[in-house]
Amino acid sequence: MSRRSLSLQFPLLLLLLLLPPPPVLLTDAGVPSPVNPCCYYPCQNQGVCVRFGLDHYQCDCTRTGYSGPNCTIPEIWTWLRSSLRPSPSFTHFLLTHGYWIWEFVNATFIREVLMRLVITVRSNLIPSPPTYNTAHDYISWESFSNVSYYTRILPSVPKDCPTPMGTKGKKQLPDIHLLAQRLLLRREFIPGPQGTNVLFAFFAQHFTHQFFKTSGKMGPGFTKALGHGVDLGHIYGDSLERQYHLRLFKDGKLKYQVLDGEVYPPSVEQASVLMRYPPGVPPEKQMAVGQEVFGLLPGLMLFSTIWLREHNRVCDLLKEEHPTWDDEQLFQTTRLILIGETIKIIIEEYVQHLSGYFLQLKFDPELLFRAQFQYRNRIALEFNHLYHWHPLMPDSFQVGSQEYSYEQFLFNTSMLVDYGVEALVDAFSRQRAGRIGGGRNFDYHVLHVAEDVIKESREMRLQSFNEYRKRFGLKPYTSFQEFTGEKEMAAELEELYGDIDALEFYPGLMLEKCQPNSLFGESMIEMGAPFSLKGLLGNPICSPEYWKPSTFGGDVGFNIVNTASLKKLVCLNTKTCPYVSFRVPDYPGDDGSVFVRPSTEL
């Protein structure tokens, strides 16, 4: 470059440096930035909101049965179905009244027709394959393939919304501890109106711990990427390594120990697996089972003991039928039989009790063989939150003449052996459990669980309770008084949330007015039933390829599944048969009459 060109450029550079900087165009402080239109939840009837630009959106109404800008114009067949379909409250009334009519229905083919209808209508409310997860509020391959996530029924509230619930309610959600103290904490024990007992509460807790496996390391939106359904991982362990530590490797059986002439789970000295016990509990006092936290409550270890005995009992029956089978085949086939027993008991006794229906529910996978049905399941975050039913827990635990406080009951490592299975089953079957819905029935020892669920739901940005009601085909509530059915709690909710459309998902489920003679409100039934039935009937053993006698070792194993009951589960594995039922005795509908006979196995 020449000296002349440099001399010409220098003044130009100097001039540029001395000039004032160009003006910066600032946004007018008086003009608010556009609100994400999807924060208003404009798309109805399961339409999908897609944002375009800053303040435009489009509703994808594909296969919703509706059209129009917001998916609100019904197609002719949709209109006809909606016009003819009875409301959930009317359907519930029909199913819980007219006992003698239902006695006739249960004895005819109509029962199977109605059962098929119940399963298909409920299951169709759950998307399959899964759609959303915590990280993806849109359809993605990750949402489908990555089983480390809980799936989501509704996407999260967009991050850029004016309020935590979208556009409704206050800028800040109420203090969690204040909310729990005012509306969830028990003033006095409110028993369940159906005669529900503490045995039911422990059965529910034991059962659900096989598929609610939140990852403590990854966070509340993640599972341990293991089973997403009824796999009995809480009995056999959720990894092959844990399973191998629990197995005897002889005749298909699980390890056990004999104490006072009775069979119990092995100690951690005999089965080297991690169990969560307080410091200072010696290894010989720690029982080793599939779920590491079951040492917390004697009721959970009670059912672990019963299922251990049942597994080894079934192994003996299969060994007699198939003397040539090796340990592995005996173990694997027995596991399938116990999965079948579990599903049968859950549908025909557990769900039956929860529903309060006079229609007798039936576990028959063949009902779906001609229907379009996917035999796979993914656990949803909403299902996990919904199932925190800690109001079932009483103020204390009554065993015989002794009353145990929570401090005496938790991590009580001697109670199960001291009393024995029969005495604990009998005691828990006779003690009333609490009402779940309606508010103010959490014992203060378990109130922190509710607070943790609400905290997690805020981290995961769950949509409002009313948005979930709409998703499951229910009409949204228009006021807190309509929601609670009374004035005092409604006024407190108005003060805390400011708008019924800002009420959170879990508080909504716990505070909703209960249906007549029911443990909880309409929403819990209408949201919980689809998750449950899809998860149970979506199990592989219910598929046409699996549901046949050969899968279960022939007619003997198949018959065990098809005739399973709570009473048989207990009484075939105890020396005498205690009172066993999900209802306290002398309550209408109780079927737990005692019959005493020796066990043939112990």
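Including glycine, each Cβ sits where the backbone N, Cα and C put it.
The heme b binding site annotation in Swiss-Prot covers H390. Annotation for H390 (heme b binding site): spatial neighbours F442, D443, V446, V449, A450, criterion Cβ-Cβ under 8 Å with sequence separation of six or more.
The disulfide bond annotation in Swiss-Prot covers C38-C49 (among others) and rests on similarity to another entry. In three-state terms derived from DSSP, C49 (disulfide bond) belongs to an extended strand segment.
Around the Cβ of C161 (disulfide bond), the same chain contributes V35, N36, C39, T167, each under 8 angstroms and 6 or more positions distant in sequence. Marked as disulfide bond by Swiss-Prot: C39-C161 (among others).
A coil conformation is recorded for C43 (disulfide bond) in the three-state DSSP classification, outside any helix or strand. Residues or ranges marked as disulfide bond by Swiss-Prot on the basis of similarity to another entry: C43-C59 (among others).
Non-local contacts of C71 (disulfide bond) by the CB criterion (under 8 A, 6+ apart in sequence, same chain) comprise C43, Q44, N45, Q46, G47, C59, C61, T64. Feature annotation from Swiss-Prot assigns disulfide bond to C61-C71 (among others).
Counted within 10 Å of its Cβ, the other Cβ atoms near C571 (disulfide bond) come to 21, all protein chains included. Residues or ranges marked as disulfide bond by Swiss-Prot on the basis of similarity to another entry: C571-C577 (among others).
If you look up Swiss-Prot, you'll see N70 (among others) marked as N-linked glycosylation site. A sphere of 10 angstroms centred on the C-beta of N70 (N-linked glycosylation site) encloses 18 other C-beta atoms. DSSP gives N70 (N-linked glycosylation site) a coil state; it is part of no helix or strand.
Taken from Swiss-Prot, the feature N-linked glycosylation site applies to N106 (among others). In the three-state DSSP scheme, N106 (N-linked glycosylation site) falls into the helix class. Long-range Cβ neighbours of N106 (N-linked glycosylation site) (same chain, at least 6 residues apart, Cβ-Cβ under 8 Å): F358, L359, Q360.
The N-linked glycosylation site feature in Swiss-Prot is assigned to N146 (among others); the stated evidence is sequence analysis. Of all Cβ atoms in the shown protein chains, 16 besides its own fall within 10 Å of the Cβ of N146 (N-linked glycosylation site).
Here the Cβ of N412 (N-linked glycosylation site) has 17 other Cβ atoms within 10 Å, regardless of which shown protein chain they belong to. Here Swiss-Prot flags N412 (among others) as N-linked glycosylation site.
If you look up Swiss-Prot, you'll see 1-26 marked as signal peptide.
Feature annotation from Swiss-Prot assigns site 'Aspirin-acetylated serine' to S532. Under the DSSP three-state reduction, S532 (site 'Aspirin-acetylated serine') is assigned to helix. The Cβ of S532 (site 'Aspirin-acetylated serine') lies under 8 Å from the Cβ of I346, V351, each of these being in the same chain and 6 or more residues away along the sequence.
Rounded to a whole number, the C-alpha distance linking C571 (disulfide bond) with N412 (N-linked glycosylation site) is 24 angstrom.
The Cα atom of C38 (disulfide bond) lies nearest to that of N146, taking the recorded positions N146, N412, C577 as the candidates. Take the CB of C577 (disulfide bond) and look out to 10 A: across all protein chains shown you find 21 other CB atoms. Here C49 (disulfide bond) comes close to P37, C38, Y41, P42, C43, Y57, Q58, C59: these same-chain residues lie at least six apart in sequence, with C-beta atoms under 8 angstroms from its C-beta. The CA atom of C577 (disulfide bond) is located 46 Å away from the CA atom of N146 (N-linked glycosylation site). A separation of roughly 31 Å, to the nearest angstrom, links the Cα atoms of N146 (N-linked glycosylation site) and N70 (N-linked glycosylation site).
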